[in-house]
Amino acid sequence: MQKTLQPHDFALKETYPKIGAVSITGDKLSCTYDLVEQMQYLYVYVVKAKDLPGKDVTGSCDPYVEVKLGNYKGTTKHFEKKSNPEWKQVFAFSRERIQASLLEVVVKDKDFVVDDFMGRAIFDLNDVPKRVPPDSPLAPQWYRLEDRKGDKVKGELMLAVWMGTQADEAFPDAWHSDAVTVGADAIASIRSKVYLSPKLWYVRVNIIEAQDLLPSDKSRYPEVFVKAILGAQALRTRISQSKSINPMWNEDLMFVAAEPFEEPLLLTVEDKVASNKDEILGRCLIPLQNVQRRLDHKPVNTRWFNLEKHIVADGEKKKEVKFASRIHLRICLDGGYHVLDESTHYSSDLRPTAKQLWKSSIGILELGILSAQGLMPMKTKDGRGKTDSYCVAKYGQKWIRTRTIVDSFSPKWNEQYTWEVFDPCTVVTVGVFDNGYIGGGSGVKDSRIGKVRIRLSTLETDRVYTYSYPLLVLHSSGVKKMGELQLAVRFTCSSLVNMLHMYSNPLLPKMHYIHPLSVIQLDSLRHQAMQIVSMRLARAEPALRKEVVEYMLDVDSHMWSMRRSKANFFRIMGVLSGFIALGKWFDHICNWKNPITTILIHILFIILVLYPELVLPTIFLYLFVIGIWNFRRRPRHPQHMDTRLSHADATHPDELDEEFDTFPTSRSSDTVRMRYDRLRSIAGRVQTVVGDLATQGERFQSLLSWRDPRASALFVTFCLIAAIILYVTPFQVICLVGGIYVLRHPRFRHKLPSVPSTFFRRLPARSDSLL
């Protein structure tokens, strides 16, 4: 395979982080959380208080707790008129930034002017116990409040204080000291979270027929079709060929639905009265909860559904009139398919929808998201650039989102996640984004910083890969490096036999091959599935925004791009280069460029002709030797984004502008005309190549078609003579003579084309019949 040379700045770099999986001296943490660096935190768990003194005129208080450590200060919410409040809130202070030696937990009374001091508890950090999972959580204790002089006052506070790491169960939901500048309304948007994609189903609606329709105009033959709507998806059948009140279709419509099913399937039977007017003859609503689920290709039972007609009476008032019209359907939820919600080239899950058809897992994928370096500023605040970055990783149905590191160009997350693996030929995707909610509110989109894809089948099992991946993003101005993302990846195989057996199984579930869907159907259904997934995840808390999900799922990968077309063309040429090189080598053999090699090839050829049973063993042995030879030079690092392969480093600015154009276009008419002419010129070259291929195929057809009677007569005569000669002559002699003739010395060759090629080029094709 041809290798492309990456610019050094865009290359993958191996790193050596201090993680438990590669360190010599491991500890308790490295058993379960060993792909990230340990980050020490001081945890303060504020549980509740009791017997707090009244501060108001009414004898009540509005208490809250303030946790102070040096310059860092975190506060709980306050309760109105409650002397026994309960907070259950965790505060986490990064040990790297701790400069104080005392922790102060103060209970205050919320007031309009100045908050009243009610009492405090002070802890020396040298006396704080250390806790590492899987130790049991530290039990909170009651502490008597003290005044500023150290004397005991009324009221008690239940607390737990300990020193731990990011492996602690309290870490994800804790208030972090590095997010002290984030407002209370944005705290939820910066926390880490695990999401699950909704369970997607294909809904197959086989519309068979309708009976006893009542069109308003009985003097004409009705032109009836059925329109089906499920959420934002709308499909319709063709107009029935039987133009009567009992039309027939027998047509399949496919939709995507997600559990829990929120919207029913709406079917309307309509009559095309005029070119721009359709009359509704009846409709029915079908809740998907009541639809039969099937796991294989066996047809489900058909059902008749009554149609209801809606008429408008008394202005806006709608009245339902039930009548005898009905529609015949076969409807089911197809659980034997895998609902594609991501690009097929980067699929992270290939299992069918129905859980009964799932096979056991073959291993575990562990991903440690360590840190990033050199991130570019994504927004400005107070005249300076800043970045509030977080990571999103997607594999299978499980999405993870790290916490947001506020205002840092070198964030450290050190979060580790685990997935079950059911197929090694899948891809995990990790994206880095800037949190637009911080400083911008809910109306500002999250900006993409970069993305990394890792194919599991390229990883060695049980090996820890620690690399720094360049975050490359293509802008309208060109490719740009937005920083580097440091990851630690380990793929552990639970059963080598099961994993190797997966390579003999079909990539997709068997329903994709027994009842295949068309390419157009798959593209449409994939687009609908992406929209459903992005909409559902955007409703989570904190929301995984639509622009984030679409970027992770490559929602625009099907759009036209001159750059991608060039990249794919040169990929094809790279594949064919091996065959071209083989052809050149054979031409050198035939022309005796290296006499010794040519003589050896003659000897090998004669041996294979005399002993034909050695042909296949020789071929496979040759492939085996090449494979063993290449094993020494096998790739030792995962694949990553390649700017040369993508043709992103030498693309014309206008081609990039075209790639980032909206659909439909928003450019001027002159620009569109220029691009259209360029596309026409490219299409003209493709048209010429396709025409040449068609010409060669038609010449083969004309050998026996007698379109050229003299050429067909010559070919038929040749076939008869060849059959007689081959019958009476041993096959080995034929092969030997033919091979020696092909490998003959240049002295016995001439530069004119051979007789067979000349004869073939003279054959007629249908190109002369084209207008």
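Here the Cβ of each residue, glycine as well, is placed from N, Cα and C on the backbone.
Over in TrEMBL, the protein carries these features:
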type     : residues : note
DOMAIN   : 23-143   : domain 'C2'
DOMAIN   : 181-305  : domain 'C2'
DOMAIN   : 346-469  : domain 'C2'
TRANSMEM : 569-586  : transmembrane segment
TRANSMEM : 598-631  : transmembrane segment
TRANSMEM : 713-743  : transmembrane segment
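Secondary structure of the domain 'C2' (23-143), assigned with DSSP and counted as helix (H, G, I), strand (E, B) and coil, comes to 9 helix, 51 strand, 61 coil. Mean pLDDT for the domain 'C2' (23-143) in the predicted structure: 83. Residue counts for the domain 'C2' (346-469) under DSSP (helix as H, G, I; strand as E, B; rest coil) come to 7 helix, 62 strand, 55 coil.
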